[in-house]
Protein chains: 6
Amino acid sequence: MRPSGRQTNEMREISIETGVTMHAEGSCLIKCGNTHVLCTATIDERVPPFLKNSGLGWVTAEYGMLPRATNTRMRREAKNGQSGRTQEIQRLIGRSLRAGVDRVALGERQIVVDCDVIQADGGTRCASITGGWVALKLAVQKLMKAGDVISDPLIDPVAAISCGIYAGQEVLDLDYLEDSEAGVDGNFVMTAGKLIEVQMSAEGSTYTRAQMDALLDLAEKGVAELTAAQLAAVS
Amino acid sequence: MRPSGRQTNEMREISIETGVTMHAEGSCLIKCGNTHVLCTATIDERVPPFLKNSGLGWVTAEYGMLPRATNTRMRREAKNGQSGRTQEIQRLIGRSLRAGVDRVALGERQIVVDCDVIQADGGTRCASITGGWVALKLAVQKLMKAGDVISDPLIDPVAAISCGIYAGQEVLDLDYLEDSEAGVDGNFVMTAGKLIEVQMSAEGSTYTRAQMDALLDLAEKGVAELTAAQLAAVS
Amino acid sequence: MRPSGRQTNEMREISIETGVTMHAEGSCLIKCGNTHVLCTATIDERVPPFLKNSGLGWVTAEYGMLPRATNTRMRREAKNGQSGRTQEIQRLIGRSLRAGVDRVALGERQIVVDCDVIQADGGTRCASITGGWVALKLAVQKLMKAGDVISDPLIDPVAAISCGIYAGQEVLDLDYLEDSEAGVDGNFVMTAGKLIEVQMSAEGSTYTRAQMDALLDLAEKGVAELTAAQLAAVS
Amino acid sequence: MRPSGRQTNEMREISIETGVTMHAEGSCLIKCGNTHVLCTATIDERVPPFLKNSGLGWVTAEYGMLPRATNTRMRREAKNGQSGRTQEIQRLIGRSLRAGVDRVALGERQIVVDCDVIQADGGTRCASITGGWVALKLAVQKLMKAGDVISDPLIDPVAAISCGIYAGQEVLDLDYLEDSEAGVDGNFVMTAGKLIEVQMSAEGSTYTRAQMDALLDLAEKGVAELTAAQLAAVS
Amino acid sequence: MRPSGRQTNEMREISIETGVTMHAEGSCLIKCGNTHVLCTATIDERVPPFLKNSGLGWVTAEYGMLPRATNTRMRREAKNGQSGRTQEIQRLIGRSLRAGVDRVALGERQIVVDCDVIQADGGTRCASITGGWVALKLAVQKLMKAGDVISDPLIDPVAAISCGIYAGQEVLDLDYLEDSEAGVDGNFVMTAGKLIEVQMSAEGSTYTRAQMDALLDLAEKGVAELTAAQLAAVS
Amino acid sequence: MRPSGRQTNEMREISIETGVTMHAEGSCLIKCGNTHVLCTATIDERVPPFLKNSGLGWVTAEYGMLPRATNTRMRREAKNGQSGRTQEIQRLIGRSLRAGVDRVALGERQIVVDCDVIQADGGTRCASITGGWVALKLAVQKLMKAGDVISDPLIDPVAAISCGIYAGQEVLDLDYLEDSEAGVDGNFVMTAGKLIEVQMSAEGSTYTRAQMDALLDLAEKGVAELTAAQLAAVS
């Protein structure tokens, strides 16, 4: 029934390659099927002004898409400024990653996570969160190795997956074809078996609490698989 | 326990005054406690380019806040451009209202709903959706009275409410004091007993599915009260 | 002869309601007929850089219009930046209010007056000045009550009114219908029987000094009535 | 008493050199003392959208200042966008020139007048109007010579002059030193002995109707001299 | 003598991988040592307005750098707009590629080449031109296969290389360490043994014609190697 | 053969008038045939942040064109921001002038050179460099006269000229008619018989090293003539 022939509760193949750029303190290329996102983490010893002398660290994220990451070429954001969609996504990534960080343990420094979509086939914001956590973890490992951070501020991985109602059925990990047809879809960010963020939208449609529960069940399954891949990548 | 002395499942007082501006095709001033939003609906016989000759209508929304709607004066957005937060909110309002519209029945025209916050005390996006639906409904009534629309494209009200975990307890309809302390909060958009949008975020925290269910229960109660106020206002 | 049936030297009904928002240090909603402007005054203990350590205070103003304050919806300035007209108006409001302030008595602090047009029917800049002075006065009263300002820096009200030549006749207090037809119109800002600013423009037309004098006579009459309303509002 | 040693009713030396650029349909370099403005007029056979098929012509103006036209170098506007002051000035120039044009006789075409200040010493907006009219007239003469315009749409010159109260005395044609000290100053645009625009502002001060009348008397004298120079330049 | 231990006339290792993204009509990842650029070519059947109905094709280019492509993170251009440097580079890429295109044979369509630097170590603009030509060629091959283009509009490869004077000696293919120290450096774009563009700049220094000739000799050697790699990649 | 009737190696008439504005520390109006550029030099005792406490001086340049400097009116850059072309040109001017400055001798201060094109007929960037050096030299002479600079930081003039291949022949000093037809053209910046910058571009064409040499020969002849004019102007 799904265009890809996948089962309703079947994820796309996941791969996470680390150390893909020579300059960044942490980096990975995450592939969720045909969605490929390059994530880098940059350590900055200065924090934003509102945290000066607070002793607390900060994690923030920026998101971008190469113009031809998509089927039709998009206008380059450097020429037009960031769209509302882009800003919404990068706020979500930053908020999600921060929920999994012990900001006291990180110490008064900032880590900037850049998520740049090289190729898009649905689920780019979820892949950015999942890959972003890996880049972040690698940068933190570097800080710990150098003795700049003593107690690990990142215990449990943060991962995200999309689910939706496609052709009347609840399905896990929507690709672009499904996403563009789905009347209802959601993004679920989780860590250590708990929720960080749920965003479920209907476009020109509605959904019941029972449907929402079914999607949450799928999301839990998906996040478990992503978490395993994350842990394998950083160890 | 709540700063306002309200019960955990108690809404703030709601008032919806209609016909508050002489120019708009539909308008209301909605007050949810100390949060006051002026909503206007403008009928535009031209649709956006992607709907030309589709026979389908469109509803979109814009959101703003007067600089001193808040406790501390904010920089005027006309001087700086719309923030990411503003764009995120107005995309949510538009998407929510469209979910309750029969776009065939509306016919090929656009209605623009402007939601401008006169005074803010938490929950401005939810008040904008609830009040925006009233302004929209009044504009549609005008179209129907004039014979430009035959079958009502807006049957059930769309309303929204925020809930969150404040001081360890699930509470309904957060005001600003609660909102700025809550580790978890969500916005729930509903119509006719079904969900349109759920956005539940944790800032530096997490939540369980049980907590999410408790907030959904509260939201259902709140939306029922809002819906009653909406129906009273438009009849 | 006038669309509204008013005499040539007859003002629209004036009302000034104070204390209309909970957050601002001073506020009022001024209604000049169907023109409604919300004015707030914000006290800021920091002055602009060019006044640092000068001992002098500053008053500045910003002006905006809700998109559907007008008969046809205007594009939201937050999306496009402030127009030349908006900037011209807010410079006029600030200059006018400053002319009535003893900046030594105010002390080294800034008051920002925001004038936001809720509904427009001509004369919005004049209503903004007249209402802006009321909001400013209320904020100053708060400073004096707290003992932060000792000698009143605002003795005489500053008020403004428009006059013009409509259908060949000099008329007082143009509404939108008159304003859009008038070949000559002017804005007159006064305080204590003296002039602060005169702006008289002809669009595709000219005028004589005799006509200018007749408009000044009307303006003096109008400002006297506005001043009485201002004093009633702030006492 | 005046820094320049001029009488209170004495203008600076005026010179208007025409035909100063090879490309423009009309051009002049106007010098009012040390204030030098290059004015060019460009004929454009397309009118703005709101005049399509109206049979009416349009005149508009743009204003700029070279970065080092002033005593201290100003930031280049091309890097920052036009300031509120610049927009206010170019709106005034356009409005003033249009008041002296028979838009039916001009026919459905637009003339754009560019006024660029090469060297500034006070009174740049007035010099721009006076010189702008000369450039406009020369462009119209070209249209008439070519038979594209039959009846002259520009009969009487439009000219402008500033006056103000300097050191307690009414003076004509303020230079920069006077302008920066004057508590009250005004710009007066006239044609054929009638007024087009009066803008009289007080910065931190006020003025009486008697003072205003005295300045108008001075302005009439000044404009008469400018008009003579304009007519000499275009004949 | 060179930081990398290369001979003065020795290039970095070149690799060109094609078909690296699923959506673009042509794509490659070019690696010149540690400089990695992703190049995609997008076919657009619409040409820019100035070529409408001309029968001529167009090739244009855009250039970007991921924020952490460099040693220190750069601000994201989507947040700040394109810098002067970025615009200068993308104009050079477009001009260079067009010099190698038979625009009649291409037919009235546009090909947009996007060059996005994934990792930077000097010479990004040259790698963009060399890789951009490969992406362009692949897109053209697709057009020819589909019968949309009959005669090949791209005969000889266009390639570019940088040379400079480092530590007093002429060297080929500067990496970042050399580039940041070189007082003179140049970019040389060639095709079929001829020159398309020479840009030789001295920063705080000068150079003789003899030195320029020596750099041109090196550039010819380098371009020959690049051309071989390009031809291997596209066949 | 040339539209102007000039020999292939014949320059346009050069004139350099100094002291043309009263405010700038150095200024000239340079005319290369019908290309007229006003150049001013402003001394600023503050250097850019990256040079604070370095003891080194800085020279930078900005470039602009009046809207009707060209045959067809261009949009005013202040309304749109600087184009890529403008930024490219002003970077070239700054780089070129710096190559001729002893930044230690200049001392820790900045000189800003503004080049504004009053009338354009090809070669505006070259005229800007040549005239910019004169303005710069005059400002430096002022600093030396005041004893603020002891040893002359500007020994040899920096000058620039364009050459190109027009109608198959190498020609010196292209005017607009030639420039818009030339398939190959270059800008050559020189000082003291050495090169600072060579930019040779082909638009839809290529060139040989022999052609490049011929253009360099022409450029050397032209620069010698410009240098003589510069030295005459500043002595």
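Placed from the backbone N, Cα and C atoms, the Cβ positions cover glycine too.
With F:Gly123, F:Thr124, F:Arg125 listed by TrEMBL as binding phosphate, the candidate from F:Arg75, F:Arg76, F:Arg85 annotated for that site turns out to be F:Arg85. Under the DSSP three-state reduction, F:Gly123 (phosphate binding site) is assigned to coil, being neither helix nor strand. Least crowded of the binding-site residues (F:Arg85, F:Gly123, F:Thr124, F:Arg125), judged by neighbouring Cβ atoms within 10 Å of its own Cβ: F:Arg85. The phosphate site, placed at the center of the C-beta atoms of F:Arg85, F:Gly123, F:Thr124, F:Arg125, has further neighbours from the same chain whose C-beta lies within 8 angstroms: F:Tyr63, F:Ile89, F:Val117, F:Ala120, F:Gly122, F:Cys126, F:Ala127, F:Ser128. In the three-state DSSP scheme, F:Arg85 (phosphate binding site) falls into the helix class. Taken residue by residue, the domain 'Exoribonuclease phosphorolytic' (F:156-222) breaks down under DSSP into 18 helix, 31 strand, 18 coil.
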